[in-house]
Amino acid sequence: MDISYIFVICLMALCSGGSGFSPVEGKQKSGRGRGSMWWGIAKVGEPNNITPIMYMDPAIHSTLRRKQRRLVRDNPGVLGALVKGANLAISECQHQFRNRRWNCSTRNFSRGKNLFGKIVDRGCRETSFIYAITSAAVTHSIARACSEGTIESCTCDYSHQSRSPQANHQAGSVAGVRDWEWGGCSDNIGFGFKFSREFVDTGERGRNLREKMNLHNNEAGRAHVQAEMRQECKCHGMSGSCTVKTCWMRLANFRVIGDNLKARFDGATRVQVSNSLRASNVLPGLSPNAAGSSSVGSNGLILPQSVVYGEEEERMLNDHMPDMLLENSHPNNKIHHPNMPSPNSLPQGGQRARNGRRQGRKHNRYHFQLNPHNPEHKPPGSKDLVYLEPSPSFCEKNLRHGILGTHGRQCNETSLGVDGCGLMCCGRGYRRDEVVVVERCACTFHWCCEVKCKLCRTKKVIYTCL
Amino acid sequence: MDYQYYDEESDYIDVDEEELAAAGGLDYGYGKPLDEEVEDYYLGGGEDEEAAYHNGGLVERLPQILHSCVKPSLLQVLQYMAPMLLLCLVCRLLCLLYARRGHLSQNQFQSLRMAPLHLIHLGCGLTLLHFSVGYRLWLLLLLAVVGYLLLQLLRLGRHGAQLLAMLTIGSQFLYELLIWRNRSDWPQLRGIQMVVNMKLISLGFDLTSGGGGNQLTKGIPNPLAYLGYIYSPATCALGPWVSYGSYSNCLVPRSSWLLSLRRTVANAVLCLLTVTVSNCLAPLLSDLAGGWHFLAMYTDALSVRSSHYFVGFIAQALLVVTDQRLDDARESELLGPLVAQPWRIEWPRSISALVRSWNIPMHEWLKRYIYTPCKTTGRHSRMQGLLAIFCTYLVSSLLHGMDLRIYLVLISLAVFAAGESLLRRHLSSVLNACLSANLCPGAERCRYSNCPSKLGSWASVSGCLVQLANLGFTALAIFHLAYLGVVLMGDSLESGVGTAEEEGFLWHWKQAGYLSHYIGVGTIVLYLFIS
């Protein structure tokens with residue numbers, strides 16, 4: 001009863017929008033779910049609902065943090081996109097993991113609980129994917145909503161119009177090129193990116209390793225969205241010449257981003273040690289890990305990457321899209337090579353100086369480097385996913401860790417992969433059922449715009465894990 | 001810093017246990033109900049919805065396309081078109097004002113009193129070009145000066161004109177080689193320079209031919225008149241070619257304002273419509289076509305075709321605004337002078353008819369300056385015809401600059417068109433039916449007895465057969481058109497990310513198994529077989 005009392009108090013504090021967090025709440029939520037409660041809005045409002053979802057809705061109110069509520073209030077129309085984005089993330093996650101033991105199940109959402117369950121409490125691969133995909137989905141849906149005009153505070157991104165794509169290559173061509181500029185209503189990735197940072201990263205302050213992991217994965221999700229942004233152009237002119245050219249930017253289908261993130265999930269890096277460069281007054285020698293474990297990479301390895309982070313951020317904030325389309329376009333990324341530690345002497349000094357300048361400008365929580373658990377692996381790049389601990393087997397139900405187990409899951413008898421009955425059921429065996437399935441079949445298209453189908457009954461064999 | 005993490009972990013395991021206890025007491029919904037929900041998710045086929053979301057039906061994607069493609073495209077096209085139309089209007093007004101004040105009569109060409117008119121045209125044209133190509137205008141002016149120097153070759157007589165033509169085309173190659181490095185420059189200038197070259201060559205032949213009939217254009221025009229002709233606002237940016245004769249005939253606009261307004265609006269509306277089809281609708285249809293390769297090819301080619309119509313409609317609008325007439329007398333009541341006839345291209349009678357309607361002024365130019373002279377110089381009648389066709393296509397390819405794709409397409413077109421028209425001519429004379437590549441001129445003048453226009457379209461069996469045969473040829477032409485057009489797709493797209501399709505422009509042909517080429521060669525073989 002005592003606990004529940006505290007819980008209710010917490011809720012009241014949240015609902016009233018009171019200043020700051022009570023120490024009790026701070027204690028309770030520390031470590032993991034800090035920035036992830038907003039996922040709950042996926043279950044609050046229906047995404048297809050045309051009527052605007054009010055931010056005063058108590059259910060929404062309770063899932064959002066104070067800063068997030070402010071963001072939603074200040075940007076009318078953003079809430080619908082957020083709900084859409086959260087649902088997009090869930091459906092994409094469930095699509096990507098449909099054949100795995102952990103199938104991205106969401107729990108019966110209730111206040112104060114995490115949407116994806118307690119798996120989020122562990123810093124495992126699956127968690128890293130959840131963070132990345134949710135952050136990516138928010139970036140994506142906000143950017144798209146921007147270009148669709150449903151968010152009032154952002155309009156079509158006309159920042160491209162003042163610049164010619166060739167301007168970098170030819171010194172003389174900057175002035176007076178009118179119709180070669182690309183403009184128009186691009187998906188406003190800049191706004192989506194910034195908003196996602198503000199909104200998604202609210203709770204992650206990068207103070208401990210887990211928060212750094214979350215930050216890194218959030219950033220990775222956004223980086224994937226940004227990398228998948230495409231420019232589409234068309235030329236018109238006499239016989240294929242290019243007298244008139246029209247261009248616009250398009251965000252890729254979210255499935256592509258989901259696929260890319262899944263690939264990164266498969267090759268995710270386990271990280272171990274955090275080195276904060278944000279606190280510039282912390283001397284390397286005093287850093288506890290330097291004294292503790294000797295296996296971690298030297299600071300010489302760390303610094304270039306941190307500069308890459310800084311540069312990358314600057315580019316993102318400047319909306320300099322063409323460069324973003326090319327990964328590793330920045331020369332610093334070439335310095336940062338897995339097997340090539342940068343020389344400790346000169347470049348480091350220069351980079352440190354630049355780093356310092358940047359810190360003077362802005363307090364930055366994105367300045368950090370995560371080191372791989374296995375020192376022989378290369379450090380994670382900005383688009384890689386990182387995790388802290390190995391994943392559980394997900395075989396048996398473990399409520400303590402929010403694992404549902406694979407009991408009762410369907411499996412594929414013929415497959416040798418993770419969806420095969422052998423792996424999926426963890427060797428417990430499986431049951432064979434014959435089911436009559438009623439489905440729509442022999443669909444025909446009638447002009448115009450009506451599809452008529454028959455109902456067919458087919459026998460299907462279903463295998464279920466014991 | 002890392003110890004903090006482990007510190008916190010222990011902390012949060014504690015909390016975890018607390019929460020677990022709480023879950024037992026307060027929030028029991030974690031065990032059984034949750035399982036059901038998960039089952040729900042797993043079996044409940046959220047997948048279908050998802051697929052629908054991602055693949056997207058036409059209806060679903062239309063609003064999205066409308067917003068992300070149609071709006072920006074139209075906006076950019078309007079931004080491009082409005083100043084051009086305005087400049088042409090200014091040009092027309094100034095010319096009209098000058099003509100009113102100066103009481104010009106029509107037979108005062110070459111006189112100094114015409115100079116201001118040329119100047120007006122030149123000024124408007126240069127402003128328009130500056131708006132369109134920016135600083136590259138200087139390059140164009142330089143090329144124009146070179147052209148004027150080349151024009152002095154005409155003092156040599158008829159051979160001078162031929163030399164001029166060769167040098168002009170040769171110099172185009174030279175520029176292309178020189179400017180090729182700046183790839184962004186040339187595709188934009190190519191179309192403009194192509195029109196300039198056509199004007200230059202036509203001027204050369206016009207001035208040296210004795211039987212041109214137009215005695216006024218004897219003697220090389222002065223530089224101002226030359227530049228006014230080359231950079232007349234109606235034709236400098238997007239073509240089409242007009243002869244010097246018709247340029248100077250139309251220096252003083254005569255049409256009524258109301259007619260011009262009506263035609264401009266019609267052209268502008270069609271232009272916006274076609275650019276929408278080209279940019280947004282055709283790619284959408286191409287996406288939806290999915291599996292069927294011919295449909296994908298057709299819609300991709302549709303994008304290319306409608307892009308061409310778009311350019312044609314802009315050009316027509318500009319022509320109407322400046323009241324510039326074309327050499328070809330064909331004029332539609334609604335649209336004014338015609339550059340392209342989309343309806344004849346989308347539903348062609350034959351490939352050669354299609355080629356003729358593709359760019360009417362260019363066709364006229366080729367016919368007048370390349371095809372007819374080639375034909376009259378040859379000796380054997382059949383070889384002569386083939387040679388003339390070959391010559392025409394050669395010059396036409398060379399005019400387009402160095403583009404392998406255009407060479408391939410044009411050569412294929414030449415072969416297909418020649419084969420088809422030979423076969424159809426032979427068939428029509430053998431069967432005494434209206435099967436030839438050109439439409440029968442009407443019931444009275446048709447040479448053949450089995451003609452739908454004589455018999456009534458579907459009234460008799462033979463009429464039906466003739467109609468069906470012609471329909472078949474039309475379908476074949478549509479297929480050829482899709483097959484050839486798709487190669488020109490994706491011209492000079494310089495997206496940041498290299499797309500997979502760029503691996504070879506012949507991909508579509510390979511995918512279709514070079515079917516069209518087999519058919520094309522097949523028609524020729526068939527013709528040789530039966531003749």
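All positions are counted from 1 along the displayed chain.
Just so it is clear, glycine is given a Cβ too, placed from its N, Cα and C backbone atoms.
According to TrEMBL, the transmembrane segment annotation covers B:80-99, B:111-131, B:137-156, B:265-286, B:306-322, B:383-400, B:406-423, B:455-483, B:512-530.
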Using a Cβ-Cβ cut-off of under 8 Å, list the residues of the same chain that are 6+ residues beyond the ends of the transmembrane segment (B:265-286) and lie near it.
58, 61, 65-66, 69-70, 73-74, 77-78, 81, 85, 296, 299-300, 302-304, 306-307, 309-310, 313-314, 316-317, 320, 334-336, 342
What residues elsewhere in the chain lie close to the transmembrane segment (B:80-99), defined as a C-beta under 8 angstroms and at least 6 residues from its ends?
116-117, 120-121, 124-125, 127-128, 131-132, 233-234, 237, 251-253, 264, 268, 271, 314, 317-318, 321-323
Do any residues of this chain, six or more beyond the ends of the transmembrane segment (B:455-483), have a C-beta under 8 angstroms from a C-beta of it, and if so which?
294, 297-298, 300-302, 305, 345, 347-351, 354, 416, 420, 424, 433-435, 508-509, 512, 515-516, 519-520
Give the nonlocal contacts of the transmembrane segment (B:137-156) in its own chain as ranges (CB under 8 Å, at least six residues past its ends).
126, 129-130, 163-164, 167-168, 171, 175, 179, 185, 189, 192-193, 196-197, 200, 203-204, 207-208, 220, 223, 226-227, 230-231
Near the transmembrane segment (B:383-400), which residues from the same chain, at least 6 beyond its ends, have a CB less than 8 A from one of its CBs?
169, 172-173, 190, 194, 197-198, 362, 366-367, 370-372, 374-375, 406-407, 410-411, 413-414, 417-418
